Amino acid sequence: MQYKYLLEYNKKNHECNPCHVAIIMDGNGRWATRQGKIRIMGHKEGFRAVKEAIKFSIANNLKILTLYAFSSENWNRPLFEIKALMELFLFALDTEIKNLKKHNIRFKVIGDITCFDKKLQNSIHYAEQITFDNTGLILNIAANYGGRWDIIESVKKIINRVQRGILDVNKIHENTISQYLSTSELLPVDLVIRTGGEKRISNFLLWQIAYSELYFTDVLWPDFNCHIFQHAIDSFVSRERRFGGFKKNKK
């Protein structure tokens, strides 16, 4: 589906609840430190917040929820923390697969998962396959993901098609780039929420959030709940999205 068409769809529905919400889940480590606990306990409590966000998304008829779980820069963290995160990811997949099916959720991972061990890769593939035909909420987990990586991979695929004579270089446009991104078949992101008090994007969905509304909260991710999610939605609905245009009351 062409990005231009999808963006037009968002424009027509911009006064309603967002269709696609993306969340930068920040603050797990700080939450644990404030509680006098080790960092991994913050990540475990953050898993509870993930389930809350999913429940809210279903209850409010959101079409797509994308969660930034592990960036390509997170490999710079201590090895024991990375190991614990991978184990938590595997545990979440193994324990929640029934709920994904029960609630008609389509599960998808965006990012380079080839760096993960085979057991985790197999669990990801299984979860994606078994939920592929589900028609409810689309749940994207960005794992070993970076916005620059996503764009580079898209460009590589385009170059390959040009070299093979499948694509005319003079017919490359914005829609072409979007078509080969990891989110190619999805609606553009309407709303980006970042928890933890920082006000930056951190290499997340750089192409896809060109016209997104941004919502920042000081709440640390483990403390995120349906009330905070609703506040972000209310903020989104109250805004006038211009998509590069001007205010309606201006002449």
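Glycine is no exception: its Cβ is also placed from the backbone N, Cα and C atoms.
Database features (Swiss-Prot):
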- Asp26: active site (ACT_SITE)
- Asn74: active site, proton acceptor (ACT_SITE)
- Asp26, Glu213: Mg(2+) binding site (BINDING)
- 27-31, Arg39, His43, 71-73, Trp75, Arg77, Arg194, 200-202: substrate binding site (BINDING)
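Distance from the CA of Gly29 (substrate binding site) to the CA of Asn74 (active site, proton acceptor) is 13 Å. Residue density at Ile201 (substrate binding site): 16 other Cβ atoms are found within 10 A of its Cβ, drawing on all protein chains shown. Every protein chain shown contributes to the tally, and the Cβ of the residue listed as 'active site, proton acceptor' ends up with 16 other Cβ atoms within 10 Å.
Other C-beta atoms found within 10 angstroms of the C-beta of His43 (substrate binding site) number 23, with every protein chain shown included.
In the three-state DSSP reading, Trp75 (substrate binding site) counts as helix. Calculated from their C-alpha atoms, the gap between His43 (substrate binding site) and the residue listed as 'active site' amounts to 10 Å. Rounded to a whole number, the distance between the Cα atoms of the residue listed as 'active site' and Arg194 (substrate binding site) is 7 Å.
Counting only the Cα atoms, the space from Gly29 (substrate binding site) to Glu213 (Mg(2+) binding site) is about 26 angstrom.
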